[in-house]
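Asker: Just passing along the structure, written as structure tokens.
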Amino acid sequence: MAAKDVKFGNDARVKMLRGVNVLADAVKVTLGPKGRNVVLDKSFGAPTITKDGVSVAREIELEDKFENMGAQMVKEVASKANDTAGDGTTTATVLAQAIITEGLKAVAAGMNPMDLKRGIDKAVTAAVEELKALSVPCSDSKAIAQVGTISANSDETVGKLIAEAMDKVGKEGVITVEDGTGLQDELDVVEGMQFDRGYLSPYFINKPETGAVELESPFILLADKKISNIREMLPVLEAVAKAGKPLLIIAEDVEGEALATLVVNTMRGIVKVAAVKAPGFGDRRKAMLQDIATLTGGTVISEEIGMELEKATLEDLGQAKRVVINKDTTTIIDGVGEEAAIQGRVAQIRQQIEEATSDYDREKLQERVAKLAGGVAVIKVGAATEVEMKEKKARVEDALHATRAAVEEGVVAGGGVALIRVASKLADLRGQNEEQNVGIKVALRAMEAPLRQIVLNCGEEPSVVANTVKAGDGNYGYNAATEEYGNMIDMGILDPTKVTRSALQYAASVAGLMITTECMVTDLPKNDAADLGAAGGMGGMGGMGGMM
């Protein structure tokens, strides 16, 4: 086991604080509408330019192991805020630095660290309740666009795109961000249910100009099995041909004689048919077939529940207004399923989302909800260079997370104003002893830090602006983009409540742990020079030549 280097008390805390400051100082220059960029060197390819706090934090690794421990603990604050709310990483880092700095001063002055931590925790718990009281719902497109704009560093086009996407696919819809091909940002919306399976034979194509299969008002046969024998399908095919409508077959697979017969029938114009594989694998495929059945008002033909394909009737088939099938995707538009059944299915999947343990499962379930309840929107980010594309894509993703958080828990006045108002409301909060009172003051003073940093990044004097904002009330604050005072909500400067709350809670959590640290242990660096010196002694063997 390697030897350890151990530091105690003030020595440990000073080193830790130094690491915290290096990381926080690098991250906090990005805060606010006039925040600066940070350039990150990459081992290959062009450097990355970013204003995303968590991207900067993730790159920082310090040589001194004690300092690095401090930096890594604050990095955890940024990562946690990012995982929970998707934004607010820089705010969380600024708050953590402020609480740690003030808290360690109090510890150095002889205060009891445990009581300080209790005071900080008490202030933060009260502050979270006050934030919830200040929060207003965010439901209209204008507010959503404003939140997106602020989070994307005052880029109005991004805010409007996200609001438009949410309008089109609903609050439950899936919105993804991809690289665009041009200079302009674009929004693509897929209506209806789309899954990533294309036609099984190009002979089904009836729109050669687009290379697609389009079926108007088709019947939809859903089978949880491989179909290779055409005799199984004859009763259904005859019934569909009599009804004079097209047929879409979604099955585990359609192969051999069955596929060949379907192709021949289609080419001769006897019945218009297309076949695709069912999406997903294993249990997920069964679940997705059931989703499609609910959406189209059909029944999944499955031998597990005693249903046979030969006995299927038109009543077992689903229906939709239109189906479009490409080489890689199938889109079902306007299924005729009952709204109550669809909502019941959505509620069932939501329950599974709450119980899911892995992020992958949760994401796949969320996609299924979106396909049933809303739709899928794709924001294609346009940029002139790859470096700009990466930076802009990160901003759009941040803005998307922020708007989702805003819809979930509402919004408060932005620009650090909400925390200032919360701190002033808690001015009379008291703990059980004087040291807890100091902890409360540490937390309340730290709540001014985000506003001060935003102002500092503008090149203004933080104390002057902070005192002016504190003298006002309600949503009165400082708009750093235009450098004027006014009602933040009227000016469209909004922060999602969830983002502000998460930033404060995670900052206080890690800061409390660091304030109560009394000892730090790390590996001693290996002395490579000594090892090499020992090996070098073997060179003397060359003298053995004299023995002849």
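Each residue, glycine too, has its Cβ placed from N, Cα and C.
Summarising the annotation, Swiss-Prot assigns ATP binding site to 30-33, LYS51, 87-91, GLY415, 479-481, ASP495.
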Asker: How many neighbouring Cβ atoms, not counting its own, are there within 10 Å of the Cβ of GLY32 (ATP binding site)?
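Answerer: Within a 10 Å radius of the Cβ of GLY32 (ATP binding site) lie 27 other Cβ atoms.
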Asker: Cβ atoms within 10 Å, counted per site: which of GLY88, GLY415 has the most, among these binding-site residues?
Answerer: GLY88
Asker: Using a 10 Å radius around each Cβ and all protein chains in view, which of these binding-site residues has the most neighbours: THR30, THR90?
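Answerer: It comes out as THR90.
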Asker: Can you tell me whether DSSP puts ASP495 (ATP binding site) in helix, strand or coil?
Answerer: strand
Asker: Within 10 Å of the Cβ of ASP495 (ATP binding site), how many other Cβ atoms are there?
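Answerer: Taking all protein chains shown, ASP495 (ATP binding site) has 30 Cβ neighbours within 10 Å.
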Asker: Cβ-Cβ under 8 Å from ALA480 (ATP binding site), same chain, 6 or more residues apart: which ones?
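Answerer: In sequence order, GLY32, PRO33, LYS34, GLY415, ILE454, VAL455, ASN457, CYS458 meet the Cβ cut-off.
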Asker: Do any residues at least six apart in sequence from LYS51 (ATP binding site), in the same chain, have a Cβ closer than 8 Å to its Cβ, and if so which, in order?
Answerer: THR30, GLY35, ARG36, ASN37, VAL38, ASN153, GLU391, ARG395
